[in-house]
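Feature annotations, reproduced from TrEMBL:
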SIGNAL    A:1-21  signal peptide
TRANSMEM  A:185-206  transmembrane segment
TRANSMEM  A:226-245  transmembrane segment
TRANSMEM  A:251-273  transmembrane segment
TRANSMEM  A:280-300  transmembrane segment
TRANSMEM  A:312-335  transmembrane segment
TRANSMEM  A:347-365  transmembrane segment
Amino acid sequence: MKYLFASLFFVIELMCATAFAHKPSDSYLTITGGEEYLTIEWDIALKDLEFLIGLDENQNGEITWGEVKARRKAVTAHALSRLQISHRGYDCQLKLLDVLATRHSDGGYVVLSLSTDCPGDAAELTIHYNLLFDVDPTHRGLVHYTNGEIDSTYVLSPESPLLELKTGEVNRWNSFVAYVEEGIWHIWIGYDHILFLLTLLIPAVLIRRDHQWQPVESFRPAWTSVLKIVTMFTIAHSLTLWLAVMEYVTLPGWIVEAAIAFSIIVTALNNLFPVLHLSGWAIAFGFGLIHGFGFANVLIDLGLSSVSLGIALLGFNVGVELGQLAIVAVFLPLAYLMRSTTFYRWAILRCGSILVAVIAAIWMYERIFNATIVGL
Amino acid sequence: MKRQYISFAFRLLSCFVIAGSIGESPASAADAYLPASDDEVLETLPSTLLSSRSELSSLRRKLADNPRDVNTAASVASLYMQMGSQEGDPRYFGYAQAALEPWWEVNNPPAAILRLRAKLKEKDHQYDRALDDLKTFLEHEPQDIQAWIEVSNIYRVQGKYDKSQQACDRLGEFAGDVVANVGLVPLLISTGQAEKADKLLADMLPIIKRESPETLEWVLTEQAEAARALGRDEQAERHYKEGLANNPANLYLLRACADFLLDQNRTAEVLPLLEEHTTDNGVLLLAAIAARRTGKKKVSRDFQTQLENRFEEIRLRGSEPHGRFESRCALELQDDAQKALTLALDNWEKQKEMNDTRNVLAAAIAANDPQAAQPVVRFLKQNGNQDVDLQELVEQLEEME
């Protein structure tokens, strides 16, 4: 019987199988540019250093600051033998300036503050990192390059220990592109923005005469009208996007969402009963202000602290405009071709607007009462 | 639905962050500082590391001389794995993996290596790969008790109850009932037979006490779980307390007991229980919830920030935080039911233990989306689940439809 139970010890342990308390081992390498020379701060976990070179001199299970200081030479020698940074083929000389302490989520870290003789504005750096990789294949080196407005993070692993770091514009460009893509994505998935825009654009190929909708005579007035609407919508939402992201004005999410739905209802109703006596561009401007808050909530949730605000705002906005242009590019030619048909004036303008108003009313109800009716 | 898309977009962006174009300064690091005194303790090492220090260092020297020595590698790896499990610190699993490195990608390594490799893969939630290794191992050692129990457990975690049952049956064929019950009991609790599990445990108890006292903790935990599933609250509480008296640092038990107290609205008792163990993410999460429910806003915010920082640091290194914890954090701390639901459903694809299931149901209720929980409800019905806590949520969902 004893034999049978011998291995059951593992059962208890197995129950904790899904309990990951921390993360595996990481080190944090922060490279700062912008001054005359690059400077580096390197956070290495004390538990890892204990494993690598031994820190707990008196073997009491506690690593004190005194013990770290006593092993400072060995720590630095080991760490520096595992890191090479070069600039245009020249190996930067890394020198220890200071040893400090810090904490990350999984415990105490030593901070090696290093000076280099590589220029602070180096445009291309090659980083070869192999701390701990031979004794812990799950270890990662997290490189963070920062230089004024530029901020970028990279992960180094045993599979890719080498990093060609292009500082400067490339990263700024990458950030910008990432935000542009986010902007496009948001328009693409944000049905309410698409619907609002389309509702506004439907009458753009028509003209109101004697209480009747007539088709415009040429492409030019249709195109001018669309251009005005899109431009005004853009100016308005850019304005509030900026105000909200800078935290000059903040509104609760559900109010914004409900107001966006309301803006669609009003726009659709105005297509049916043009009582507002406002041209499309004025409506676009007024309600564009509300839609800007909606965009801002998305952008804020994307995490803005990570990148220069200017790049994020511009990139996201450009993305939103590109998304809008794509919609216009599809809509306008079709609408223009169909403008004289009864189908366009009845099915699209009237029935379409009624349908839009109904959908938006449901959204508004859902957003105010936090209920689900159609699940959109 | 729209919110779901948006949260998908957020996750897309977090991919960008990891891919390395934009990123926060290294996560949540506090600023570097100069400790005030040489005596300031910066880190406490795991007690297992201390007790096996000399053994480890001689083994590591031996392994350095001959890295392909199977026995030495296996010893080093299992010592580090024990440390990793007891401390809940995965870096020690990394050290263990390094000892197994010569065989990590090999198809048919020696049996001793296979067993450990399977365990490490399981720890990394690579369940199918762990099962592959265990099956290869069992071809060498068809009567290995522990391997069969692990096979049964992994299948159970994945919700493949038939296969889990088959593994228990195989085990029973050669190891006898008491041992087979170790695999069977948790399976019974998940499949509506907690009553039977409870009885088996009561029968096992005297034998375990006599033959294998180190397994007692497991018996008490399962007894508590069975009683809780049956809605016998007093009995469950007694077992939780017995278990914790036996080992106050059993993280699994601490979390289970805290969950139980939260469900009983005995929130005030939770914080004192957990306070000293918040290095564990699951404990930290429950502590934050308890603090929030008792109106300790600052403590709760503190815990929540710590937890979110940990998630962020995990993301920064290109991994994903445990969906079980992240989902519950979204639901109970961030008040984002949609995000909680998405995370819970993703996690449920991989793991179907009680808490994983519960997360989906609770998030679906909060998000007012009973449809989303349909597959989970169906799964529970198919498997005859009768867990009272889960059934209560299922009823709420059914009323919503």
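Counting begins at 1 with the first residue displayed.
Keep in mind that glycine also has a Cβ here, set from the backbone N, Cα and C atoms.
Curation does not apply to TrEMBL; its annotations are automatic.
Of the ranges A:226-245, A:251-273, A:280-300, the one with the most Cβ pairs under 8 Å to the transmembrane segment (A:312-335) is A:226-245. Long-range neighbours of the transmembrane segment (A:251-273) within the same chain, counting only residues 6 or more positions beyond its ends whose Cβ lies under 8 Å from a Cβ of the stretch, are 192-193, 195-196, 199-200, 202-203, 244, 283, 287, 290-291, 293-294, 297, 349-350, 353-354, 356-357, 359-361, 363-364, 367-368, 370. Sequence-distant contacts of the transmembrane segment (A:347-365) (same chain, at least 6 residues past either end, Cβ-Cβ under 8 Å): 192, 195, 198-199, 202-203, 206, 213, 257-258, 261-262, 264-265, 267-269, 271-272, 335, 338, 371, 373-374, 376. Residues of the same chain lying 6 or more positions beyond the ends of the transmembrane segment (A:226-245) and with a Cβ under 8 Å from any Cβ of it are 197, 200-201, 204, 251, 279-282, 284-293, 295-297, 299-300, 304, 309, 312-313, 316-317, 320-321, 324-325, 328, 332. The list of residues near the transmembrane segment (A:185-206) in space but at least 6 beyond its ends in sequence, with Cβ under 8 angstroms from a Cβ of it, reads 213-216, 222, 225-226, 229-230, 233, 260-261, 263-264, 267-268, 271, 280, 283-284, 287, 291, 294-295, 298, 316, 319-320, 323-324, 326-328, 331-332, 335-336, 339, 344-345, 348-349, 352-353, 356, 359-360, 363, 376.
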